[in-house]
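Q: Right, I'll just put the structure down here and ask away after.
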Amino acid sequence: MADAKDDGVVAEAQIAQPLGRWPILSYGVGHMLNDITSACWFTYLLLFLQQIGLAPRDAAIVMLSGQVADGLMTVLAGEMIDRFGRFKLWHIGGSVLVGVSFSSVFGGCLLCTILGTDSYLVRTVGYSIFAAVFNIGWAATQVSHMSMVNCMTLNPTSRVALASCRNAFTMVANLGLYAIALAVFAVIKAKECSDIVLQVREAKACSYRPEKHKQMFLVTNLHLHFLTLRYRWIAYLSIFIGCCFLVVFHIGTKEPTLKSESNCKKKARISWGYWFRKTLYYQVALLHMLARLITNVSQSPIAFYVTRDLRMNEYSKGIIPAIIFCCSFVVSIVLQEIKWNSRRLKSLLTVGATLWVISGVAVFVLPSQMHNLMYPLAMVIGAANALVMVTTVGLESALVGEDLNGCAFVYGSLSFLDKISCGIALFVLESYEGSVEISKNRTQLSCGETRGLNTVSRYGTGLIPSCFAVLSLVVTSTLRLQDAAPRAAALEAPLLV
């Protein structure tokens, strides 16, 4: 018995030792595949689906199916990992699903190839299925990777280093995606919009094809090859880079164990009712949801906005998101050095939401003749995103406080809420886009010749996020945080660790 106790003490002491640089680095790159594919997903998926022929409403259905699957899998994966462990097995399984399904979505309709048909319904169903599979794999990889930190080491400094390294490579992945997109758009160039409209007009005299199909037929033949080729290369390069880092992760990171009682104890869980009785839970849940709606809803239509509404060149689809992310990164680094308390937390959240209200309205009314103003506006949006996101992370930390044994439900339920709400919001926006297309003649719309303020891309990029920011200001004004309480100590630590 004495030997067993001694062995346990030695094992615990070894676990509590600081991790070296290599284990921390190898862990940090383990989420690169998820991060780089996620950046591509939210920035270019709707643009890609609509440009290959899906109606806006059906493109939104594809996005919604993925968001619903992601939300459900987040809860399921957390519960299964808590019960059975095997972090790396869940991680590799989810990564395989991500790689296969992501290449299937941007590489073409795999279900159409299997069934030997290219009908519109089969395409919509096929893309929806693989969007759901992608998000299932994404959620499994995310939950398993995040859950590994506390089970890899007892050393608090090493835990901070693990999370910081993961956060750093998330930023690297996003910037890498936009660099890939810029390179691909530069190498593989589609025909100019004016050339396509000219060819459509010249073809109107033809009588061998019904008039209602003529424009769609010509534009599809001129564009489809270039579009699929460009997005296919972006997807394949993203997967290749992500898989390279995945190999590094699995070679350098050992499987954490749940068997050590000193490491991840099995304690009685806090009931869900405990959180439902807290007013702060509902306030934080609303702010978390609104913050994700602001960032995700504004990110998805931005490629439409800069090319169609502002008539900027193809490179802007990579440059503008990259500027937003770079400014968000810089502001996040500055915020990490601040000593937090409830007053500063609420103040900076208010500043971020206010900046979004101003910049969102400016984006909504910005005329195409003044499109160069989008560059400074992108910088303001990036700063506002950082302020909103970082402060909501601080609120989540304040909510959990010392109730660590109930944090899984808190983070899981908040994640489920934001993913479902984002999917529904994008679906509603794209459904409106579809109704506009049906009611109006949009022959010249792809060139930005007849677009006014009443476009979904303007609403989604500017006005709708501004409305969410106003709601955030209202909810923030109702917050009551007490620095004197023990749980408020969480606010004193850097938020981006």
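Each residue, glycine too, has its Cβ placed from N, Cα and C.
Owing to the predicted nature of the structure, the values given are computational and were not obtained by experimental measurement.
Residues annotated as transmembrane segment in TrEMBL: 24-47, 89-116, 128-147, 168-188, 233-253, 274-295, 315-335, 347-367, 373-395.
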Q: Residues sitting near the transmembrane segment (168-188): Cβ under 8 Å, six or more positions beyond its termini, same chain?
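A: Same-chain contacts beyond the ends: 28-29, 31-32, 35-36, 39-40, 43-44, 226, 229-230, 233-234, 237-238, 241-242, 245, 314-315, 317-319, 321-322, 325-326, 329.
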Q: Checking distant contacts: for the transmembrane segment (274-295), what same-chain residues at least six beyond its ends satisfy Cβ-Cβ under 8 A?
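A: Non-local partners: 349, 356, 385, 388-389, 392, 395-396, 398-399, 403, 406, 409-410, 413-414, 417-419, 421-422, 425, 465, 468-469, 471-472, 475-476, 478-481.
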Q: Are there at least 3 C-beta pairs under 8 angstroms linking the transmembrane segment (128-147) and the transmembrane segment (315-335), leaving out pairs fewer than 6 apart in sequence?
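A: Between the transmembrane segment (128-147) and the transmembrane segment (315-335), which are separate recorded stretches, there is no contact, as judged by 3 or more close Cβ pairs.
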Q: Under 8 Å between C-beta atoms and at least six residues away from its ends: which parts of the chain pack against the transmembrane segment (89-116)?
A: 30, 33-34, 37, 40-41, 45, 48, 77, 80-81, 122-123, 125-127, 129-131, 133-134, 136-145, 228, 231-232, 234-236, 238-239, 242-243, 246, 249-250
Q: Cβ under 8 Å to the transmembrane segment (128-147), counting only same-chain residues 6 or more beyond its ends: which ones?
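A: For the transmembrane segment (128-147), the sequence-distant neighbours (Cβ-Cβ under 8 Å, at least 6 residues beyond its ends) are 30-31, 33-34, 37-38, 41, 45, 61-63, 65-70, 73-74, 77-78, 81, 87-88, 90-91, 93-98, 100-102, 104-105, 110-111, 166.
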